[in-house]
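Let me begin by presenting the structure, written as structure tokens, before commenting on it.
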Amino acid sequence: MLLIKSIPAFNDNYIWLIHNNDNHCVVVDPGEAAPVLACLKEHGLILDAILITHHHHDHIGGVPELVRQFPNINVVGPENEPIPTLTHPVGDGDFVELFNEKFMVLGVEGHTKGHIAYIGDEKLFCGDTLFSAGCGRLFEGTAEQMFHSLQKLAALPDETEVYCAHEYTASNLAFALAVEPDNDYLQQYREKVLRLRANGKATIPTTMQREKLINPFLRTSEASVKQAVSSKVENDSEVATFAALRRWKDEF
């Protein structure tokens, strides 16, 4: 069984540390090195590898220093993104073995053109593609690409734990309630999230089951969501609904 620890970074980033019961570990999307190095020292851990989901600086900024400190580590990341420190470029359908667990690489373009996610041991590391109650902005890809990427993730088992890279849940829920103000589950969950955040606690990981109930970007087939954007779309396809939601969220 793999153990997951969050390493907070910047204002709202999570760097994820994956380890088993020995003193070896892997980190996902280390945007800065200092908090990773501090965590390794505190817990007596040895860094074996780095997993990267996409090329944005707040996800790779710490890689050069970590490579200097651990010159023999593997740096795994998307084959179609400009990341010069990669030692193992990977793409959709490839596998990465971590502590005797196989993680599959999923192509989830949209936020960036080559964004990938990693799924294994019922744990999903999805960078900036799927957030709790939200999704990433379309910096490089299209709405259609992001829609299909999210559908790919939504097809994962309900019990899948979702480890996204930012603590955006509270603000995302405010938007979700603007879309579905009569969603009782959303209202109750937002109250829970606000209590957690008031106490300085994380809302991540979430689960795929929960996201299907609270995330408007995974609920594009729901009549309530379609109705919320009916004046903003030319047709009622799910892709058009998603695109309208994303435009609305950008301005929210």
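Quick reminder: no glycine exception, Cβ is built from N, Cα and C everywhere.
The record from Swiss-Prot ties Asp58, His59, Asp128 to Zn(2+) 2, and of the options His19, His166 it ties His166 to that site too. Among the candidates His111, His148, the residue that Swiss-Prot annotates alongside His54, His56, Asp128 as binding Zn(2+) 1 is His111. By a simple count of nearby Cβ atoms, those within 10 Å, the most crowded of the binding-site residues Asp58, Asp128 is Asp128. Local packing around the Cβ, expressed as the count of other Cβ atoms within 10 angstroms, is greatest for His59 among the binding-site residues His56, His59, His166. It is His111, among the binding-site residues His54, His111, whose Cβ has the fewest other Cβ atoms within 10 Å in the structure shown.
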